[in-house]
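**Student:** As listed in TrEMBL for this protein:
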- 556-820: domain 'G-protein coupled receptors family 3 profile' (DOMAIN)
- 556-575: transmembrane segment (TRANSMEM)
- 596-614: transmembrane segment (TRANSMEM)
- 626-650: transmembrane segment (TRANSMEM)
- 671-688: transmembrane segment (TRANSMEM)
- 715-738: transmembrane segment (TRANSMEM)
- 750-770: transmembrane segment (TRANSMEM)
- 782-807: transmembrane segment (TRANSMEM)
Amino acid sequence: MTNPSQCVKKCVTVVETRISSIAFFMCFFMRQLEFLFYQHVLSLAFAVNEINQNPQMLPNVSLGFHIYDSYYNEKMSYRTTLDLLFKFHSFVPNYVCNIQKKLMAIIGGLEMFLKYICLSFQLTYGSFASEQKNLTLFPSFYRMVSNEAHQYTGLVQLLKHFGWIWIGLIVLRDESGDYFLQSLEPLFFQNGICSAFIQRIPSQGRLLSFPEISEFSSSIYKSFMDYKTKIFVVYGETLTVMWLSTLMFQSPSSYSGNISVGRLWIVTAQIDFTVMGLVTSWDSEFFQGTISFEVPSNEPLGFQTYLQKLKCCSTHDDYFLKDFWEQAFHCKFSNSNGSVGHNKLCTGKEKLEMLPGSVFEMQMTGHSYSIFNAVCVLAHALHAMTSFRSHNQASEKRKRQAYQDLQPWQVIRIMVASLVRTLGISFNNSAGESVTFSDRLEVTTGLDIMKMVIFPNNSFTKIKVGRIDSNKEQTFHFYQDKKSWHSDPCQPGYQKKKKEGEKFCCYDCVPCPEGKISCEIDMVDCSLCPEDQYPSKKQDQCVFKTLNFLSHKEPLGMSLALVGISLFITTAFVLRTFVKHQDTPIVKANNRELTFTLLLSLLLCFLSALLFFGQPNKTTCFLCQTAFGIIFTVAISCVLAKTITVVVAFMATKPGSNMRKWLGRKLASSIVISCTLVQASICSWWMATSPPFPNLDVHSLTSEIIAEYNVGSSVMFYLVLGYLGFLAIISFMVAFFARKLPDAFNEAKFITFSMLMFCSVWLTFVPTYLSTKGKYMVAVEIFSILASSGGLLSCIFFPKCYIILLTPQLNNKQQLRKNN
């Protein structure tokens, strides 16, 4: 691409790629244009065109440029450099006569090997290694990107941000790679980051033999297949990503599948994924989510319009545009010299904005923006120099002569004087951004952190997820949540287990022991949850325990409450029936006072069962156990009194018996009162010495806190139950002996069955009660109260209710005398 000019600025930029320069790629016999790098050319042309159209900048002077290909080859780049310095039809070093176009400046490219050749460049838009920047040896070397040292600290801060400490390094096998490793090693050590492996890859300018390729492939596959290494940091050149892509493409399916799963790539600013445009037919899914450090970009005013108006062959001096057009749009021109493999004809009216981002980006990239700024810097330096020299020259001829007499070294001096002297800048570009150089002749732009999103058609887009400022603190900003990124350290729920004989950061991740959790990554030891919490299923957090108590709102509690209420209503109905028929023979024959007392005590027994529902408190704790013990004692003592009364009444009928004096209400009342007083004394002593209290048991159940009735003294609790059992056994024995006494309304048989049921319930209660926890323990006690009380009600009173309500003809004195 050539424009006529009085002052010529020449650039070495990456425009073409010889795939054949890498033996691995020779089977393709390809020599394709790197589509997205063509934007570098267009940004250069746009910048020159913008300056030439600005009447305030270099008036009456038009800038021009030449573009030379580096071919990714050191020898070719060296030859091009000499050609730039000594421009003539035949190559004669140090011969500078008869030059028609004067070289004013050189802008260098991306390749690292150019550092050996082109340090005489005035500017570079590539990020060269820091060790080569020596202001004493190279005072004219300006860099349009930040110092690469920012990448080192930014990389470490990024790894620390996510806790990635087990890293695989893929680094060029040259001096820049050596410097990269030397710089990172102390930073890694200071921040506890370990390198799982270091894989050195050859420089892209060197051909490999097939044995070397085989050895290299085997080595890198082994590194990739390490399932513990999830993070790969790649430091290389532009074609390094093509090396990796080719290895993935050529690898066996068993390898490629494992390589792509759960891996995250981090690449430095020298690598541009635009080169993937060459291999759009390959699957790039394994680069999904790649994090890259990139030169910040801005959009100069008018650049989009410039691209939209660009038509093929509208710029006759652009020798690259035709090739780019054919390969980007998959077509060919009718006058095309060679076959490009497409049958579709190019119309020249295709639009660049129709191309996918993997082929051509409409937004100005970071490197293109650096080229644009480099042109602006040189233009302002030329303008400052010529303005100074022609200030006192009145004639137009002398002003033009000022440009012709200007030498490249003078441009450098002006740049130093006008741009660096105060560590400031003297202009703003058309994007509205100030261009600032540091004291090391580097633009202080910092770096952007980008995330690559690859779509199924292999197109991709980049999302800005962070930034590294170039200030002294090198502030690190990240805009996305850590949870949205893959992490390879020990995840929550696991703890580190150091490997014997390995590095300090070599460890296995083992699950937390039962009952412990780890809520952060890389926990050395799992911790216990507070007493009111328990580990989650994944053991990565503590979950609050739920309160466990028997509620009438849950199915179990609701069913027990309904049974209790039903029995209470039934007992009330029986009591009403007996009160209504209290003057009938069957009611009179069975001691009405004891019968009513027994029914009232059963009513209270069913009500006392309801005290056990709900969360325990001091009042219910105090009442439920004592009320149950005393009321149940009244019921059992009434049964005992009934049985003893029957026996005494039978014995009193014998001639000469002294039992007649025991007949009457006094015997029954004394039995009930005395038995109840004994139980009341036991309960009083219990309440005085060690009363029941509400208790929260946080240990018995893993996920629940048991709100329980603590009996205080287990001895007293079982003493109360034992006394009830003692009364029940006495009642059972007396009723058993009296079951065959000749009495029409003899209750002994029914009392025997009721006591048998009572004893069975409470004998099974004890082991069941001791083997359950929480609300089920309370449910067992409620069930025992309801079952034993219901047994008394059904066995003793249902037969009488049957006679009273259904067979009233049996409820008379004649029937009573007949049976006697």
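Glycine too: its Cβ is placed from the backbone N, Cα and C atoms.
These figures come from a predicted structure and were not determined experimentally.
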**Student:** Between the transmembrane segment (556-575) and the transmembrane segment (750-770), are there at least three Cβ pairs closer than 8 Å, leaving out pairs fewer than 6 positions apart?
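**Tutor:** No, the stretches stay apart by this measure.
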**Student:** Take the C-beta pairs under 8 A between the transmembrane segment (626-650) and each of 596-614, 715-738, 782-807. Which stretch has the highest count?
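**Tutor:** Answer is 715-738, with the largest number of Cβ pairs below 8 Å.
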**Student:** Is it true that the transmembrane segment (715-738) and the transmembrane segment (782-807) have 3 or more CB pairs under 8 Å, sequence gap of 6 or more?
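**Tutor:** In this chain the transmembrane segment (715-738) does not contact the transmembrane segment (782-807) - fewer than 3 Cβ pairs sit under 8 Å.
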**Student:** Across the domain 'G-protein coupled receptors family 3 profile' (556-820), what is the average pLDDT of the model, as a whole number?
**Tutor:** 83
